[in-house]
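What TrEMBL records for this protein:
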BINDING   C78, C81, C173, C207  [4Fe-4S] cluster 1 binding site
DOMAIN    78-220  domain 'NADH:ubiquinone oxidoreductase-like 20kDa subunit'
DOMAIN    240-323  domain 'Cytochrome-c3 hydrogenase C-terminal'
BINDING   H245, C248, C273, C279  [4Fe-4S] cluster 2 binding site
BINDING   C288, C307, C310  [3Fe-4S] cluster binding site
REGION    366-403  region 'Disordered'
COMPBIAS  381-393  compositional bias 'Low complexity'
Amino acid sequence: MTYEIKPWRAGTLAENLASAGVSRRDFVKFCAGLAAIFAVGTPELAHASAARTAGEELADKLGAITKPNVVWLQLQECTGCMESTLRSGGTTVEEVVLNLLSVNYNELVMAASGEAAEKALDDTNAKEHILVVNGSIPLKDGGIYCTIGGKTTEQILRESAENATMILAVGACAVFGSVQAAKPNPTGAVGVDEIIKDKPVINVSGCPPIGEVITASLAYILTHGKAPELDSEGRPLFAYGQRIHDSCPRRPHFDAGQYVRSFDDAGAREGWCLYDVGCKGPSTFSPCPIFQWNLKAGWPIGAGHPCIGCTERDFFDRFTPFYEKLPQVPGFGIEITAEKVGLGLTGLVAAGVAAHAGVTAARAAADRKATRNSPMAAFGDTAAEPTDAAPTEETTEQNSEDK
Ligand code: SF4
Ligand code: SF4
């Protein structure tokens, strides 16, 4: 089914979707998918009728949203993140929703240019809004390596963050600088949370992140009125709470010791495990095997390429050479080796639990500070209240232990 992409005209999101040709049935189906993403690992939602009810509830909440104020900046980056989001295949409900949610300012997709574009940014920055950032911020030499309209990206980010009620860093570049920040980091690139310290930043990691995860993160904020529960890297736990290795379809081959030794061998043709040719799935937290890309057309490991760990901090420096296997731990078999390496590299379990709890407490404090300006105020909907309690240190700690 292909829909018409139209700008926000009037009324609620549901009314705008209807005018784009999206039926209530299709919107509920889309929302049931989002509800399932929020509830990854919740067995009750595996039942079709429960998923449909959750989808209907989410469709009611999301559909009732009035015109959003969203600033979507693209700083030092390659546009791959937005391409991932908008070029998933035919014009999907997701694409229509995301277009409608990101209408105020986005350099890549907005029709306006020059002074009209700058005015759109200034006007939206003057109101409460949700800020989405793609790309890193180069700080070296006064930030001259990326400027827009004569301003450095640091200046643009600080101005846009001032009235932001919620900030999402989308893509590895915005989260930690990614390839630009790899040694020797010639532009002094950093991620958003290195600059913005007084508000929580939700890190939607990946190079690029999965379109559904970007949409789901935004939808979560819009329907819950607060940030989703985050891990110690600031990533939404609903999407980044599990390792690729744990839901990889090649895992039975890993457990059976069946490894691809080179990309053209018999094991490669049989779809065996890619650990020996450099797969970083054992140390990478991401839902890639579940959601995949381009309407579930495929994903790297499915296509025979090892995971390079792009959702993990500093993966260019930590995980290269990409085609060499994870370091061996003397004295352990290969299963234990990969498991140990996974835990050791991510630092989220075992000894990491205490640190995680500390970080969570800090984030919870920052969350409390941020909720003084409810993100729903960005929609002129100050009556809307968060639908459930803010995450507590205990619940997040429990979540870490569960992993
Ligand atoms: S995270 Fe990857 S896809 Fe996104 S802007 Fe950076 S380099 Fe491009
Ligand atoms: S090492 Fe990589 S290919 Fe092998 S099972 Fe783990 S995630 Fe899958």
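Residue positions begin at 1 at the first shown residue.
Just so you know, glycine gets a Cβ as well, placed from its N, Cα and C.
Positions of TrEMBL features highlighted on the structure.
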{"residue": "C78", "record": "[4Fe-4S] cluster 1 binding site", "CB count, 10 Å": "17"}
{"residue": "C81", "record": "[4Fe-4S] cluster 1 binding site", "CB count, 10 Å": "27"}
{"residue": "C173", "record": "[4Fe-4S] cluster 1 binding site", "CB count, 10 Å": "29"}
{"residue": "C207", "record": "[4Fe-4S] cluster 1 binding site", "CB count, 10 Å": "21"}
{"residue": "H245", "record": "[4Fe-4S] cluster 2 binding site", "CB count, 10 Å": "24"}
{"residue": "C248", "record": "[4Fe-4S] cluster 2 binding site", "CB count, 10 Å": "22"}
{"residue": "C273", "record": "[4Fe-4S] cluster 2 binding site", "CB count, 10 Å": "26"}
{"residue": "C279", "record": "[4Fe-4S] cluster 2 binding site", "CB count, 10 Å": "30"}
{"residue": "C307", "record": "[3Fe-4S] cluster binding site", "CB count, 10 Å": "29"}
{"residue": "C310", "record": "[3Fe-4S] cluster binding site", "CB count, 10 Å": "22"}
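Closest by Cα distance to C78 ([4Fe-4S] cluster 1 binding site), from the binding-site residues H245, C248, C273, C279, C310, is C310.
With a cut-off of under 6 Å between the Cβ and any atom of ligand 1, the binding-site residues C78, C81, C173, C207, C279, C288 reduce to C78, C81, C173, C207. On the backbone, the CA of C307 ([3Fe-4S] cluster binding site) and the CA of C207 ([4Fe-4S] cluster 1 binding site) stand 11 Å apart.
Only H245 of the binding-site residues listed as C81, C207, H245 bring a Cβ under 6 Å of any atom of ligand 2; the order follows the sequence.
If you check the binding-site residues C81, C207, C248, C273 against C288 ([3Fe-4S] cluster binding site), the ones with a Cα inside 10 Å of its Cα are C248.
Classification of C207 ([4Fe-4S] cluster 1 binding site) by DSSP places it in coil, neither helical nor stranded. Those residues of the chain, other than C288, C307, C310, with a C-beta within 8 angstroms of the mean position of the [3Fe-4S] cluster site C-beta atoms are G206, I244, K280, G281, T284, S286, W299, P300, I301, I308, G309, T311. DSSP classifies H245 ([4Fe-4S] cluster 2 binding site) as helix under the three-state reduction. For C248 ([4Fe-4S] cluster 2 binding site), the nearest of the binding-site residues C81, C173, C207, C310 in terms of C-alpha separation is C310.
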